[in-house]
Structure formats: C-alpha cells, structure tokens
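Working notes, beginning with the structure itself.
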Amino acid sequence: MICCEIQQKSHKKNKPQPDDKSLLARFFHADRSLTAVASELDSFDGRAEPDRCSRLVSRLRQNQDKVLSITNLIMEELLGEDRDPRAFRAKFPEEVLQENLAGQLWFGAECLAAGSSIMNREVESKEMRPLAQAVTKSLGNVRVLLRDQCLRNNVPNSKTLHLDLNDYTTEQLYESLKIFDRLFAEFELSYVSAMVQVKSRHEYEMQQWIGVLFSETLQRALKIGLLDQDMVDAFDPGLMFSIPRLAIVAGLVVYAKGPLDMDMPGDQLSEMFRPFRTILIKIRDLLRNLNNQELYQLEKLLCTNEDINTKVPVGSSSIEAPTPEHSSTPTTSSNNNNNNKSSSSSSGTGSGSGAGTVERLVDQRNNNNNQQNSNESTTLPPRSPSMLSLSASSTPTASPAPSPTPSHSIASTTSSAASSNSTHPPADWSDGDDEDEDEEEDEEEDELEDTEDDTDEEQLLKDIVAADCASGYLIPNTNLGNLLQPQQVPLTDNFVASEDDDEYGTGDQQQEQPQQQGHRKEDEEEPSTSAALQRLRLASSDDSEPHRDQGETIKSTEEQEQQQQQQEQQTLQSSRQRHSHSHSHSHRHHHRHHHHHHHSTHQQQLQHQPHHHQPHPHRLTRSGRKRCSMEAAVEVEQQEQGLASGDTSAASSLSDDVSLAMRNTTARLKFNTENLLHRLFVCIAGVADQLQTNFASDLRQILRSVFLMNMSSVEEEQIEIPEKTKESELFEFRASENDVIQESAGSNQSIYSAEEVNPELDNVFSAGSRHSAGATMQRNNTIDNPSSSNTSSSSATTRNHVTRSRSLGDQETIARSMPAPVHQQEQEMQQQQDHQQQQHQHQVQVQLQRQRNNSVGSNTPSSASSTSSSSEQNSPVSTRSGSSRRRLQSNNETQMPSSTSTATAAATLAPPAWIPDGKAPRCMSCQTPFTAFRRRHHCRNCGGVFCGVCSNATAPLPKYGLTKAVRVCRDCYVREVQVRSSSTTTSVSVNVGVQMQSQAGRVQTATAS
C-alpha cells in the first residue's frame, strides 16, 4: 500500500508540463485531450444533440490524427528499419495519401469494430471487421504503455527518447509497437482498397506501357516536325493535350500491337482506355483509310488546331467517298482514266474550271432567293433533301450529330444513310417514312449495279455512323474553338451550292433561268431535333400536296418495288443517249424548282415519266441526283458507240454533263476528306481530353515521366566562382557611405544589403571630398606652418579622389601606391598625430610666453604692428588669396577652421570591404540563420554581415568620411566609442590651448590700441 502511494506520488512529480516539447510529453497531452473528447461523446445521446455530436466527432478525429502522428514518430525512432514496409502505397491515388489518413483509418477501424459497415461495401466490411478489432485493441495497449513511459522516463524538452533498455516495460513497449505497426499497415491496405480502386499488377504494367507509348509518340512527333524540343525542355502546357491525342493516333495505327491494341480482350486493356474501347475501334478503322499526307494533316491538326488544307486531286485520295449515293463515282472515274482517254481529258477540263462554276452557282443561288421570295404564296416549298436527311438522322434516340456521314453535313444529296440510322422514327412521320423507303429501294438498285464497291462504302459508312454517334457523349475540348463544334453545321449558300453542282449545266442553265419561278424559301434553315423536328417533317409532308393535285399519286410500297424492277430492266436495255439531256434537264428542274408555272412544265414532266416510272418529284429528285454522276460516266462509253446516230446538241450536252460530273467528283472527294479529318479530330480530342478529367492523377504521372525522359541531355554546367586573389576584386563598386547619405538627403536609415548602395560617377566621389573629415587627425597644426598645410591639403585631395574610385583597376592602383597595408598606415598616422600634438603643445607654450613678454616689456606701436604682421603672415587666408595685410585679427581667427578642415582630409581611408550576402548565410555574431524575414545588415566599420539585433547601434565614422551616424555592429561600436572618447579628450586640450591663444591675442590688441 505504501509502495503504491509512493509510486503515485513519483508519477505526479514526473508528470510532463504543458510547455514540454519532448515526444513523450507531446503524446501525453494529446492522449489526455483525446480521452476527454471521447468521454464527453459517451456522456450524452448524439441523436438528441446532433450539432454537438458532430462538433465532438470532428474534434475526436483531429485528436486521433494527432495521437497517431506522434506515435508514428516514436515508432520511427524506436523501431527504425524493423517497421513494416508500406510499398503498397505506390498503388494508391495521390488524393488518398493525405496527412490525416492515419486518423481516418483509426476512425474507420473503430466504426467497423463497433459493427458498422461501409456503404455499398458490406462484404468487404464483414471481412475487415476482425482485423479492425485487432487494430483497435493493439492501439489501446500501445497507448497505455506510452503513458506509463511518459511518467517514468520522460526527459523534459529532449529531442530523443531516453528509455531504460533494461526495463521490462520498455521491452514490452517495443514488441507492442511492432505488432501494432504490422496490423495497422495491413488494415490500411484493406481499407483503402475497399474505398477506392487500387491498381492491380497487370494495370500497373499496362500504365507503364502507356508511358512508353507516350514517349515513343513524342519522339516520333519531334522527328517528323510536329513538335519542337524547346517545347519539351520548357514543359509547354500545350503538350499536356497534344501528347495524349497523338498517342491515340500512334497507338492505333503506328504501334498497332502496343497497349492500344484493340484486338486484345477488353479486360486486358488498360482501365484508362477501357471505357472508350468501342469508339477507339471505329477511330482505328477510319485511320487505316488515310494516306500519309492525310494522317500528317490530322496529327498537325491535333497539335496546332490549324485549319485543314487538303489538296485532293481526282483519283489520288486513298479515302473513297463514304456516301452511298457516290459509291460508284471513284471507281467509275478510275476506270475512265484507265480505259478512256477522252474521259480523262474531260475530267481535267472540268476540274480546272470547278472553282469558278461554284462561285457562279452561289451568286445565282443568292439572286434566285432574292427575286422569287414573293412566289411562296403559290405553293409551300418543301424542305430540301439535305435538310430532310439531317432531320431523319436527328431522331430523338440518335446523337445530336448533324448527319451519319461526313458528306451529309456538307454535300449531302440523299437521306438513305439517315433512314438506316433512324431505326425507330415516330409514328406520325408517315410521308417521311415513305420517302425513306423509296430511297432504300434506290440504294438496292445501286447495289445491283456495283455490288463490291457499294459493300465497301456501306461498311465505311457504318464506321463513320458509329464514330459520329459515339462522339455524342464525348465532351470536346471547349478551348479549341469552332473546330470542336460539328454538331451544328449551318447550311449556307456555299454548302448548298456544293451539293447542287451536279444538277446545273453550263449552257442550258442560262437558257432556262427565266423560266424558273418556284423557288424554295428556306434553303438556309437550321436543322432541329425532338418536337420541333417532328413539326418540320410534318410540314414537309404537307408541302407535297400541290404536287399530288397535278395528277401524280404516291404508290404503295409493293407497287414501288415492281416499278423499281421494271426501271432496272429498262435502264439496262434502253439507250442512255436518247434521254441523257432531258434526264439532266429534269434533275435540274426538280431539285431547284419543284414545279413550274410555265405552260411547258406539264409537257416536261410527261416526257420524263416514261423513262423513270416515278410520278413523285421528291423521289425523282433524290434518286436521280443519287445516280447522276454514275449515269454521266456510263453515258460516256455509250455515247462513243452511238456517235453516228447522235445529233450535235446531244453531244454537246453530254460533254457538259461529263465535265460537270468529274468536277463534282473532285469537290466531293475534297469535302469528304476534310469532313472526315474534322470528325476524327473531334473523336480523338474528346477521348484524350476526358483522360485529363477521369484519370488526372495517372496521366500526370505518365506525362511527368515522359518529360523527364525526353528532355535535352545537356550536362548541367556547375558555375564555379574563381577564387579572388585580391580583396578589391570581390566587389563591383566602392561607394562611399557619406556620398550615399548625402544623395539621400542626409537620411541616417540603414541600408539592408550591399546591392542597395548605388554607385555614382567619379566626379561625384571627388566632389564629395569636401564632406570628408578625419576625426583622429588634429585640426590646428597649421598655425605656424602654412606651407605644410598646403602640402597636406593637396595630398589629401589626391588620396580622397583615388579612394572614391569604383573600378577594380583603381583599387589595384591604390594597393600599389600605398607603401604599407592599412593597419600600418593607421599606426604611422597615430604616431604622427601624437608627434603633432606634442609639437602643438610646445608651440602654444612658446607663443603664450612670447605674448606674456610682449605685454610686459614693450608697448610701442612697432611691436604691435610687427605682431599683427606676423599673425597675418601665419593666416592661410592671406596666403591663398594674396589680399592686403590690413586685416583685423578677428578675420584671421574666423578663417582658421577652414585651414583645419582642409588638413583633416588627409586622414580619410578607403571604406571597408563588404562581405557579399551569398557568403554569409548566418549572422557573424550570434550565428542565427537569415530568412526572408530576418534580413542581413552590413557593418559600415568592419564590413561584416549581422542580424538586426547584433547591428542595432549607430556611430559616425569620420575616418571613412562618414560624419553622420551609420549602422555598426556592437563590437565596432564599443571600439569607436573608446576611440571617440580618447579623441574627445585630446580635442578638449587643444581647444583649451586655442582659447588661451585667442585670449592672448585680444589682450595684445587691446594693449596696442
């Protein structure tokens, strides 16, 4: 009992104080605070007072984190290398590794041990519950042992632990810490793995391969000139976007067997690109159709966002037109180039004049729209085929892309692809569905004519449709301007004219222009979606009613299929020569003008009806325009076979149609290429930019490694400052402190660093000699020796001018001109001063004795005049100016200090050498390191660097020409005070002698008067 009381008293005696900074004391107070918060939480019902409970829980977690951090420091010191490894933290995301991670883990362990479960992680919580209970139990044991050590072996304010290694409790603490460290590390891995997604070994390796892909992509871009090495060395932020985009292209095309191999199973693909696997497959299929020039153009666009500038001649593009309506155009043109020389020449002629024709068509289109807007009351204009195709593709279930194919958004001439994309149209789009079915039949007819080419084009079309639809959920980079806004392409006159090039002739158009009256009004109307789109489609179906009134009826689907078969047979058997001109003529009329008020309109429609077997003008327009270029190319071969029976007008119109078809082919290839590159850019940029958001941490690590690997291998040159053999070479200037003070209006504020002292010109330094004064030199040694005064004055001026020089060469001259070092000069000057003082005292005594004799033994005027004459001869004013000798003695007495100030300039020394700031990281007196707030101060007497506390004294330094108080260190201040006191004593004695001399002079003057 007595032993327990003694032990308790000893524990109270060894209780750590609140201001104790040792580890054990800090743990003791943190643990007490945590215990108090936990006890308060247990003292009331948290559901009754939720606000108080939430505040206490927040304090509890803070205290838990504090206790664990101190415990971690104790384990670092006691366990050292015996601690459990935590290499698994490399798998954690960066946002998980926070300072309060330990507190979160402890709080989670207590919750799991109490029976709680992680939301949506019930299975993992059940598995971790035994481990959490073991962690909390082990931590409680460690806390008890550490509190006991705080009372036993705490050393106040000790930086290390002082435990008794022979004590049983110390050994028990050591083993408990090892167990807790192992359990806590295991729980950390389990808990974090359950809360966030931790990379597996395979995923870690895949991300390393992605880093290799990024590095190879960057090296390839540097090699072909897409990027510059300076951008890599400067860590250009633009590369953060360019490298992932280029890596997608390179991984799909250049390094096809790398980490972006789309042929591997989806579960083996990296998690970064796994969500984009479908769109990446479509992008890969489209990239394989690009030639080298177009691939380079796409990569340049991904790097610089410049405009696409592709020059695609006829037959030179490796990308076939992906639209079904032109499936046979590239093949036909190539066949014509190989088998028919006349077609080749026609193609060249047409392509040469294509630009001018497009401009004329745009102007004519604008004129027609302005002239005939008043005719809309006659009949309601139906929507254009391109608008219908856009509407068909913009179903409520489809993506907001303007069209499923690149050509639809720029030069669309049919809605067959749109009908294939819109698999679930609304029920009230009846007329639109009939038109879509008609165009599907036209597409089947084209497949019968050219099966292989059309099959390839349909496959490419599906790829583009998939890529376009997939780009709907991708968020493009909003910083890339209009290039990333393909969802709303305005149907301007340029776009409309480009799609109507194949429906205008060069000669017939001028003749038929006066007859065209029924123009459409809304050629430039924007496409819309959802309910507005349904109303537009319904309005389009209603606009076709006037055409039904002219004797044309819409046939059923079965009748249309029969007519299509009859049309196919008749097309293969009949002669194209007989109706080629009227066919193209009809297309022009039906596309631009759906009906005519002229009296010949009905005759033209009756003339076309036997050839096409299609009474509906809308279907006639789409199907005719769809096969226009193909028919024109076929007509070339048949025209050569029937030239003998053909007339001149038919031959000329056929030539126009051939040139127009070839010119249209060139334009379509160009627009298709640009639009395909544009869509590829949107898809690739969308995938790469989403990596910046969804996988920001992983992408940062990869890009950091890529930059470090590809930086310029320039060896870092270590700049070594050569040793200065001469003290004067350490400084760039020799500014006098007195000059600086005079320039700053006499301010005695301290200058914080040597760099703040501004050197002036040499003439300023030489002019500043008038401010110099020597405190240790006596000022009245020129009373009886004016010649020595002049000599010393000239030498002082010369020395003062030399010491004010700020160039290094002048300093070397000073060093060579001085016969001895500075301290030797000071000793010699001190000896000279002592000698002059003794000589001056002797002269004062002699003169006093002489004055005493004169006042007693001689009162004659001659003696008085001689005395006055002698006094005037000794005056430096009379010596310099050469004025008359009829001056009063008071004038001589007044001008004596001027000679004294000139003589004292000889004692001015060179200012001390300042130690550079970079050479003094600590105060030279108290050794306190300098910081951003503890600034450096130079002593003006010794040149050392001190802190503000050690250099808070001020004193004048006349020996350096500093007559006003400047900053000095404490040691120099003590020395200067001693020197000043000694010099003051000497000057007092000299002043007494001067006063006695002046009194004697006044007595002599009075006697003479």
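From the backbone N, Cα and C atoms, a Cβ is placed for every residue, glycine too.
The phosphoserine annotation in Swiss-Prot covers Ser541 (among others).
What Swiss-Prot records for 544-558 is compositional bias 'Basic and acidic residues'.
Per Swiss-Prot, phosphoserine is recorded for Ser807 (among others), and the stated evidence type is similarity to another entry.
Taking Cβ-Cβ distances under 8 Å and a sequence separation of 6 or more, the neighbours of Cys923 (Zn(2+) 1 binding site) in its chain are Pro929, Phe930, Val945, Phe946, Cys947, Cys950. Under the heading Zn(2+) 1 binding site, Swiss-Prot lists Cys923, Cys926, Cys947, Cys950.
Using a 10 Å radius centred on the Cβ of Cys942 (Zn(2+) 2 binding site) and all shown protein chains, the other Cβ atoms total 18. What Swiss-Prot lists as Zn(2+) 2 binding site is Cys939, Cys942, Cys969, Cys972, and the listing cites sequence analysis.
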If you measure between the CA atoms of Cys969 (Zn(2+) 2 binding site) and Cys926 (Zn(2+) 1 binding site) and round to the nearest Å, you get 12
Here the binding-site residues are Cys939, Cys950; the one whose Cβ sees the most other Cβ atoms within 10 Å is Cys939
Around the recorded Zn(2+) 1 site (Cys923, Cys926, Cys947, Cys950), other residues with Cβ within 8 Å of the Cβ centre, ordered by sequence, are Arg922, Met924, Ser925, Gln927, Thr928, Phe946, Gly948, Val949, Ser951
Excluding Cys939, Cys942, Cys969, Cys972 themselves, the Zn(2+) 2 site's Cβ centre has within 8 Å the residues Arg940, Asn941, Gly943, Gly944, Phe946, Ser951, Val968, Arg970, Asp971, Tyr973
The sparsest Cβ environment within 10 Å, among the binding-site residues Cys926, Cys969, Cys972, is found at Cys926
Cα of Cys939 (Zn(2+) 2 binding site) to Cα of Cys926 (Zn(2+) 1 binding site), in Å and rounded, measures 14
Per DSSP (helix/strand/coil reduction), Cys950 (Zn(2+) 1 binding site) sits in coil
For Cys972 (Zn(2+) 2 binding site) and Cys926 (Zn(2+) 1 binding site), the CA-to-CA distance in whole Å is 15
One should report the C-alpha separation between Cys926 (Zn(2+) 1 binding site) and Cys942 (Zn(2+) 2 binding site), rounded to whole angstrom, as 16
